[in-house]
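According to Swiss-Prot, the features are:
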type: ACT_SITE; residues: H255; note: active site, proton acceptor
type: BINDING; residues: Y25, Y130, R165, H255, R258; note: glyoxylate binding site
type: BINDING; residues: 78-80, S107, 128-130, T156, K231, S253, 286-290, 309-310; note: FMN binding site
type: DOMAIN; residues: 1-360; note: domain 'FMN hydroxy acid dehydrogenase'
Amino acid sequence: MGEITNVTEYQAIAKQKLPKMIYDYYASGAEDEWTLQENREAFARILFRPRILIDVSKIDMATTVLGFKISMPIMIAPSAMQKMAHPDGEYATARAASAAGTIMTLSSWATSSVEEVASTGPGIRFFQLYVYKDRRVVEQLVRRAERAGFKAIALTVDTPRLGRREADIKNRFVLPPFLTLKNFEGLELGKMDQASDSGLASYVAGQIDRTLSWKDVKWLQTITTLPILVKGVITAEDTRLAVENGAAGIIVSNHGARQLDYVPATISALEEVVKAARGQLPVFLDGGVRRGTDVFKALALGAAGVFIGRPVVFSLAAAGEAGVRNVLQMLRDEFELTMALSGCTSLADITRNHVITEADKLGVMPSRL
């Protein structure tokens, strides 16, 4: 293979390099994988309305997220068990994010602990949290994240049960024996037992609390001063509840299309959420972002920034830290080019008028120009 020219090319390399069980775990979605495909295809249906004859000799992509300044509105989403992809795992991802001047979100189910990731050096990091049946575990995780200098909690709210991921069932997916879920070492929650279907599905059924509700968001606010992002919101109704319950922000996410199939692509759900939020909290997006053009489209539809997941693990598998650095750089370069060719010199210049969605094509568009 010649020089890698875009983010997607890393996936084919990862597929060659990784054992089938591990590649399938990262790559697959729930059931028919309709939403998995739609997360990408929905971006392709959004077109640009570029503005011309604007001085774009200087472009500023910097932004702030929850008060933290970052170099670009492209951040790293939580992806579990990264040492399955590469021996350096989350260490490499943390270093790459820090070098790029952006945020890394560490998964609860990481194969490196919060303390280990913090030891890689300075960086703005968020901690993704699942709520366990044993609330003492949750409290302990939050305290450790605080002590390790993590700046926010990304609370995953779309996983009362694990989605039906048929590739994992076929492969009888289980965390390889040489790895553990490092944040749970010593809690007897760090290992995943072999199961007749998917070891992860059995693990979730045994540990994750299905009673999770908005009252638990309130409870979390009593045990930490860290801002709480609610990850997994795709409707206006839940957006309004997130605002009412004091969320610091929302991540529009369908869990990489790994939970409920036939939910909309996140880019399709974004505007509904943004409108319901009414500017009261920032709205972010993950799911299907593979190009700088995707980043621009998300911002034009009201996102404050995007998170990338699979591109990180695929590039990590292919080339370790250098791969993740390259993915972040390629997306940055593409996004900068898209801004220039659209006539935007800062993120504030990117407006709803820069894009045409399916709804616009049905005749809604002229009213807003």
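Keep in mind that glycine also has a Cβ here, set from the backbone N, Cα and C atoms.
Recorded features from Swiss-Prot, shown on the structure.
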residue : record                       : Cβ contacts under 8 Å, 6 or more apart
P78     : FMN binding site             : T105, L106, S107, S108, F126, Q128, A154, T156, G309
Y130    : glyoxylate binding site      : S108, W109, T156, T159, I208
S253    : FMN binding site             : A77, D158, K231, G232, V233, I234, T266, L285, D286, G287, F307
H255    : active site, proton acceptor : T156, D158, T159, G163, G232
R258    : glyoxylate binding site      : S28, G29, A30, L36, G163, R165
G288    : FMN binding site             : N39, R40, A42, F43, A265, T266, I267, D294
- Message: Taking DSSP as the reference, which of helix, strand or coil describes R258 (glyoxylate binding site)?
- Response: coil
- Could you please provide the mean pLDDT value for the domain 'FMN hydroxy acid dehydrogenase' (1-360)? 93
- Message: Can you tell me whether DSSP puts Y130 (glyoxylate binding site) in helix, strand or coil?
- Response: coil
- Message: For the glyoxylate binding site, please report the maximum Cα-Cα distance among Y25, Y130, R165, H255, R258 in Å.
- Response: 19
- Message: Using a 10 Å radius around its CB, how many other CB atoms surround G309 (FMN binding site)?
- Response: 23
- Counting every protein chain present, what is the number of Cβ atoms, excluding its own, within 10 Å of the Cβ of S107 (FMN binding site)? 23
